[in-house]
Amino acid sequence: MATRSKSSQRWLKEHFSDPFVKKAQAEGMRSRAAYKLEELLERDRLLKPHMVVVDLGAAPGGWSQQVRRQIGDTGRVLALDILDMPPLAGVEFLHGDFREEAVLSQFEAMLGDQPVDLVLSDMAPNKSGVGAVDQPRMMHLAELALDFADNHLKTGGAFLIKLFQGEGFDDYVRDMRRRYDKVSIRKPEASRKRSPEVYALGQGKRAHMK
């Protein structure tokens, strides 16, 4: 118990001294994750006005907030999460479990027949702390996100997803390379150094898989 307490204290100390946490508080952003996305978007110039953007695993809303900030009042931002999220101006949000067919169908109905320019996925399972459990759960969510992009992302569009390095990672990246002209692995500055997370970016969705 004492170890857990020390671990919690260390996390709290790191969290409140984190420059990205302070920046988020100062700028009214919902999470420090907004700055991971900001770096990724700017580096690869992924956003343009009038785009249709889907944000999977959106809560508490930092990514959707960042997208809306960059594209202004143009385009559409559609967000989904198993956790509820307070409303954000200009963001269409669905509260539900992406793994459930009924929720996915409802989200697709919100989207209509509109092709998507950019699919973002920051989804992650609740961590058990056991890698042999967490990694397969993470990869399952990643497969669902890839399927969604297959079905709704327009030819030439981009797909950005959070992944944990571990079993299944290399195979997943290979699958992305069959679908996109260019695939890059990114570790933004706002990602904590000890975190296994990286972001895989697929650009130039192909009309047909290789």
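Cβ coordinates are placed from backbone N, Cα and C, and glycine is handled just like the others.
Per Swiss-Prot, the features are as follows:
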type: BINDING; residues: Gly61, Trp63, Asp81, Asp97, Asp122; note: S-adenosyl-L-methionine binding site
type: ACT_SITE; residues: Lys162; note: active site, proton acceptor
type: REGION; residues: 187-210; note: region 'Disordered'
type: COMPBIAS; residues: 187-196; note: compositional bias 'Basic and acidic residues'
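Structural mapping of features recorded in Swiss-Prot.
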residue: Trp63; record: S-adenosyl-L-methionine binding site; Cβ contacts under 8 Å, 6 or more apart: Ala33, Ala34, Leu37, Asp55, Leu120, Asp122
residue: Asp81; record: S-adenosyl-L-methionine binding site; Cβ contacts under 8 Å, 6 or more apart: Leu56, Gly57, Ala58, Ala59, Phe93, His95
residue: Asp97; record: S-adenosyl-L-methionine binding site; Cβ contacts under 8 Å, 6 or more apart: Ile82, Val103
residue: Lys162; record: active site, proton acceptor; Cβ contacts under 8 Å, 6 or more apart: Gly57, Ser121, Asp122, Met123, Ala124, Glu197, Val198, Tyr199
Residues from the same chain, set at least six apart from the ends of the compositional bias 'Basic and acidic residues' (187-196), whose C-beta lies under 8 A from its own: 20, 32-33, 35-37, 39-40, 164-166
Neighbouring C-beta atoms (10 Å sphere around the C-beta of Gly61 (S-adenosyl-L-methionine binding site)): 23
DSSP-assigned states of the region 'Disordered' (187-210) in counts, ordered helix, strand, coil: 0 helix, 9 strand, 15 coil
Site diameter for S-adenosyl-L-methionine, Å, by largest Cα distance between Gly61, Trp63, Asp81, Asp97, Asp122: 18
